[in-house]
Amino acid sequence: VNGSRVLVRVDFNVPIEQGIEAIAGYDQRLRATLPTIQYLIERGCRTILCSHLGRPRAKVDEALRLGPVGDRLAVLLDHPVKSLPEITGPSMAPGDVVLLENLRFDAGEEANDPGFAQSLAALTDYFVMDAFAVAHRAHASTVGVTEYLPSAMGFLVEREVTSMGRALESPEKPLAALMGGAKVSDKILLLDNIMDKLDHLFIGGGMCVTFLKAQGHGVGASQVEEDRLEFAREMLGEAEKRGIKVHLPSEVVVASEFAADPAEVQVSSADGVPEGGIIMDIAPSAAQQFASELQQCRTVIWNGPMGVFEMPRFSEGTRVVAEAIAGAPGVTSVVGGGSTAETVEALGLMDSMTHVSTGGGASLEFLGGIELPGIAALPDAD
């Protein structure tokens, strides 16, 4: 690619409401693309970056322009980045980096319109897919453009596919899945896909409410996925049949209301949640038990916090478990994206994990065994 024009699909869909300060607080996705961009700069390429931001619904939204993101990227790169006010090709010199305007300002992006894909391809000589977080979307900038340009995966996507693929295909045993977050339904495909390899299954967060209810425990006023109770029962039965050790919290933190500072907070046994109480976190004793057991595993796949992490009062369970994984020698930790990645970054543990995915939905689908269109379209996907 030396001296060539290279179109790079990145995912710079980061918090922007408070300007560059907010972006700097969560810039994992920007930092993750630096190796690919620096590689191209060093080879005198004219690098054209393209991304979406938010959901502008095919019209220009001044609040969703990518200029502030480009400013933050320039700081991280220590190299000028020119943000364009449109989706067109500029005049460039070798080593230049430009960032096109928000792709989703044009309806052709999400529609995977061939005309829009051709207009992007006309800007460059090569295409690099380095936006794992949107690899599960068949859009013009992820799939369509590969019809018109020699294409390859960037270093970020390669790292995602290699790290998560290894955890799925040849994990060092014992293998543990640490599942949290609000919904069981989000994790069904993942659990189905890895059950035949699992040794331990840890369940916290809102997920544990449905599993505790499936075991016959009262869960007070906690939110239950009633339509997933049967799946939870089947999963528990399958785990027992396969010899998988299931870890549910023996104690939980219960609040009188779903709020950051409720009137009452108490620790309750998991089988004795008071009527009207809402499970907000796993209790300190359960967190320590999870931490101790996780440190005995050699591979941990983690997706979802152990409690309502965004409320500081209910973040302790997640912190204890995360620090245990991060500090365990010889443990390969593969962390799903989305809220789990944000949690790890907020705790300052990003560099202590083996791999933290940049993609929420994409990582769940990949770990669930679903082919991602943005990866499948690349000739080096095998």
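Every residue, even glycine, has its Cβ placed from backbone N, Cα and C.
According to TrEMBL, the feature substrate binding site maps to Asp11, Phe12, Asn13, His52, Leu53, Gly54, Arg55. As annotated by TrEMBL, (2R)-3-phosphoglycerate binding site applies to Arg29, Arg104, Arg137. Here TrEMBL flags Lys187, Glu310 as ATP binding site.
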From Asp11, Phe12, Asn13, His52, Lys187, the binding-site residues whose CA lies within 10 Å of that of Arg29 ((2R)-3-phosphoglycerate binding site): Asp11, Phe12, Asn13
Pairwise C-alpha maximum, in angstrom, for the residues (Arg29, Arg104, Arg137) that bind (2R)-3-phosphoglycerate according to the record: 18
Lys187 (ATP binding site) versus Gly54 (substrate binding site) - Cα distance in angstrom: 24
Intrachain C-beta neighbours of His52 (substrate binding site), sequence separation six or more, cut-off 8 angstroms: Asp11, Asn13, Asn102, Leu103, Arg104, Glu109, Val134, Ser141
Candidates Arg137, Lys187, Glu310 (binding-site residues) - the one closest to Arg55 (substrate binding site) by CA: Arg137
Rounded Cα separation (Å) that holds between Arg137 ((2R)-3-phosphoglycerate binding site) and Leu53 (substrate binding site): 14
List of residues, in chain order, with Cβ under 8 A from that of Lys187 (ATP binding site) and at least 6 apart: Met179, Gly181, Met207, Asn303, Gly304, Leu364
Cβ-Cβ neighbours of Arg55 (substrate binding site) (radius 10 Å): 11
Other CB atoms, at most 10 A from the CB of Asp11 (substrate binding site): 24
Those residues of the chain, 6+ apart, with a Cβ under 8 Å from that of Leu53 (substrate binding site): Phe12, Asn13, Val14, Ile16, Leu64, Arg65, Leu66, Val69, Asn102, Arg104
Substrate site span - longest C-alpha distance across Asp11, Phe12, Asn13, His52, Leu53, Gly54, Arg55, in Å: 13
Sparsest-packed among the binding-site residues, when each Cβ's other Cβ atoms within 10 Å are tallied, from Arg29, Arg104, Arg137: Arg137
